[in-house]
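One structure is given here, and the rest of the page talks about it.
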Amino acid sequence: MENKSRKFSLQVIMYLSFFAMVAVNALANILPFNGMNTGEISNLYNVLFTPAGYVFSIWGVIYIAVFIWLVNLSLNKEPIRKISASLFILSCLLNGSWIFFWHYQFVGTSVFVITALFVTLLLLYLYERGQKGLVWPFSIYLGWVTVATLANISYYLVAEQQISMSSQAVSASLFLLLGLAVGALMLWIYQDRIFNLVFIWAYLGIFFRDYDSSRLVSLIALFSGIGLILLIGISFLKRGKNLSKIK
């Protein structure tokens with residue numbers, strides 16, 4: 001009885017945290033906070049490591065995926081693990097906090113907060129994998145926050161450090177290649193194709209957005225995306241060969 005009561009209490013806190021996070025993100029654009037929506041703030045500066053506007057629709061997919069994870073956790077007869085609950089609640093708090101810092105142009109603080117969100121989601125992702133939990137929602141979420149962290153750092157370099165366009169092209173290119181390396185690592189260690197699909201989605205958005213302003217960054221984004229597609233294809237071929245060996 002005590003375990004059921006504890007599970008119910010954790011569920012309530014987790015659902016409240018989730019819906020509060022979604023509400024803050026929605027209100028930030030409906031009101032909007034500080035007179036600008038999230039995308040308008042992003043467009044205040046020409047930051048090369050920024051996908052086209054339509055790419056940000058992935059947040060809807062993320063919220064649905066995370067909600068599915070919550071429902072699955074509720075339906076599971078096993079008790080909710082305190083580590084999972086704590087990390088998830090912290091991720092919601094950091095997500096909502098980031099919105100305020102972003103909208104009120106505390107750019108340096110927003111970098112710190114989104115980096116903390118990235119670390120929290122990474123720990124939650126690794127823990128869920130270790131516990132054989134439902135991982136794919138956090139493959140999407142972690143993948144996007146990885147991209148968003150790099151984009152936030154890029155925004156900081158432009159808005160606060162006022163780096164030149166040529167320096168920005170170099171940093172954006174390095175971030176794109178770093179993302180390619182991270183995607184390859186996630187495939188190699190965890191065979192996580194969903195994580196890589198998020199990067200491909202973002203990189204195509206960067207390609208289309210930057211095609212006129214920086215052909216170098218645009219093409220690196222395109223070829224990095226193609227590289228990730230090829231790596232996913234290779235991982236499927238290897239999986240097929242392994243299955244045929246087992247048979």
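Backbone N, Cα and C define each Cβ position, glycine as well.
Keep in mind that this is a model prediction, so the values were computed, not measured.
What TrEMBL says about this one:
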- 12-31: transmembrane segment (TRANSMEM)
- 51-71: transmembrane segment (TRANSMEM)
- 83-101: transmembrane segment (TRANSMEM)
- 107-127: transmembrane segment (TRANSMEM)
- 134-157: transmembrane segment (TRANSMEM)
- 169-189: transmembrane segment (TRANSMEM)
- 194-211: transmembrane segment (TRANSMEM)
- 217-237: transmembrane segment (TRANSMEM)
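Here the listed stretches are 83-101, 107-127, 134-157, 194-211, and the one with the most C-beta pairs under 8 angstroms to the transmembrane segment (12-31) is 83-101.
Cβ atoms under 8 Å from those of the transmembrane segment (134-157) belong to residues 42, 45, 47-51, 58-59, 61-62, 65-66, 68-69, 72-73, 107-108, 110-111, 114-115, 117-118, 121-122, 124-125, 128, 163, 167-168, 171-172, 175, 178-179, 182, 192, 194-199, 202 of the same chain, restricted to positions at least 6 beyond its ends.
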